[in-house]
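What TrEMBL lists as transmembrane segment is 45-63, 75-96, 117-144, 241-258, 290-311, 323-347, 382-402, 423-449, 455-476, 496-518, 538-558. For 51, 54, 58, 297, 329, 394, 397, 398, the entry in TrEMBL reads Na(+) binding site. According to TrEMBL, the disulfide bond annotation covers 156-165.
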């Protein structure tokens, strides 16, 4: 059955002389859903995108990935993959969101047969939101722990330390008198993280989570409360918070960078980070790693970009914004590498060990290595507080995007019921995800976090992005999609974007997917290997988001009438009300789907009502002319 015409289109157009465009009919108001809202400031959208893309991965994944994959040489595949995979998919997501003003579920009016892709996206984002907020809870824990005159992970001799604990001050003093064997020792920061913060010795593995750590539980509750208060009014509130959370990390990063490069031995670390090893470029692994870094750091496929763009005005220049955000994100990653490796160089000199022995990625860098380096600096609690405050602001705006995606997707599906109660609905989602995340606050919670991190957004996310790319270019049609962008921005995407969308981006992501499956390695945390049932659970998590696609197809086909092939054809066509959400933006071919446009020349009526011909209406006339010529060619 064709979808019902939404209220924004269903208002009668004919009695133009009786009703002013701004007046609203009282009866209609009660039947229509509440307005979705828009960004309120000029920079809200841009800063939200920057905040979303620039996250924890830029600080703890990129520098380590660069150093293990050829140092400075890694920048070559990194920027090539940014051009092939990153920028085109980023622009496609923004275009879909801005053109339709719909969230990641409702946007599949473009081809209802594939609505399962949207369902898969929401499942992935929900799983990621659960564990991402736990990482923010760890950051809050360390932030509060830094509010002391002496950092608690500075020395051994606390109740959580073991006999293996060795203080770096002892090493430094020891170097002058006798050699110290540090091979079988553990730093105080490592024992603080594993034995005090996680209390991982209370769990024997993933099947034995142990007790809830109440201090971690309260930190998780606080992080969910912060996130809820910031997304309380949707983009109207989160759009204002990002003015701080998206810009302040840069200030701290510059401070850490200046402090880092002025330390003795900093050059050692930077050399290690950037010395190009061009022989690495012959390895396929390096190119795959570069593509993976781009893929996850830009946040394509999670629905966040599409959601943010859906709150834009119809003619916002997202083409310009795409380049600002993607290139800004890449430069931030490189800068963060300098800030991290300059400190690691200093640390390696202090400990008298090579840089590669102190370099780590992920939580190990943020919660063990960098905090240990902070203890070696004068004013260590100040630098520690700054570092964790930077991580907090980096993490929060990515978490806002995940939550906004889930809330927008569901409220766009049920606008009549949920839009007026958006604040209450957001609270329900936050509480539900907090309760699901409680297992992460147990003594064995880290094992569950690793499992979620490894599987929730792995191959499932790639399948979602590949399918989106293929549906837009093959099912909906490249010509039609370019025409929509032309109508929205006043120009068509060039051959570079068309070539990437048609061939290069899907092919690269297919290669990524195959590589991930072929090179599959079971999860591990330190020396702990996960049992088979945990592996199966992880794989099911990834497969479940992919299964949403065929499930969505079955539902869409059952809703149509006719033979199976006819049903599939009908379900793959755009819904009746697909197109720009506001009546004044439905120019060209989309005018004919307006309710009440009885005129033989609907475009002229449309232009008379909305005040003359603008450059965008000129575009609409061009698009109409192109379509007429194409129809004539086909009939001949």
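Cβ atoms here come from the backbone N, Cα and C positions, even for glycine.
Projection of TrEMBL feature records onto the structure.
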| residue | record | Cβ contacts under 8 Å, 6 or more apart |
| --- | --- | --- |
| 51 | Na(+) binding site | 242, 245, 246, 397, 398, 400, 401 |
| 54 | Na(+) binding site | 246, 249, 328, 329, 332, 394 |
| 58 | Na(+) binding site | 297, 329, 332, 333, 336, 394 |
| 156 | disulfide bond | 165, 166, 167, 188, 191 |
Between the stretches 117-144, 241-258, 290-311, 455-476, which one has more Cβ pairs under 8 Å with the transmembrane segment (382-402) than any other? 241-258
Taking 3+ C-beta pairs under 8 angstroms (sequence gap of 6 or more) as contact, is the transmembrane segment (241-258) in contact with the transmembrane segment (538-558)? no
Maximum Cβ pairs under 8 Å to the transmembrane segment (117-144) - stretch from the list 45-63, 290-311, 496-518, 538-558: 538-558
In the structure shown, which of the recorded positions 165, 394 has the fewest Cβ neighbours within 10 Å? 165
If the Na(+) site is taken as the center of the Cβ atoms of 51, 54, 58, 297, 329, 394, 397, 398, which further residues of that chain fall within 8 Å of it by their Cβ? 50, 52, 53, 55, 56, 57, 246, 249, 332
Does the transmembrane segment (323-347) reach the transmembrane segment (45-63), going by 3 or more CB pairs under 8 Å (6 or more apart in sequence)? yes
Quick one: do the transmembrane segment (455-476) and the transmembrane segment (45-63) have at least 3 Cβ pairs under 8 Å, skipping pairs fewer than 6 apart in sequence? no
How many neighbouring Cβ atoms, not counting its own, are there within 10 Å of the Cβ of residue 297 (Na(+) binding site)? 25
Please identify the stretch among 45-63, 75-96, 290-311, 538-558 with the greatest number of Cβ pairs below 8 Å relative to the transmembrane segment (496-518). 75-96
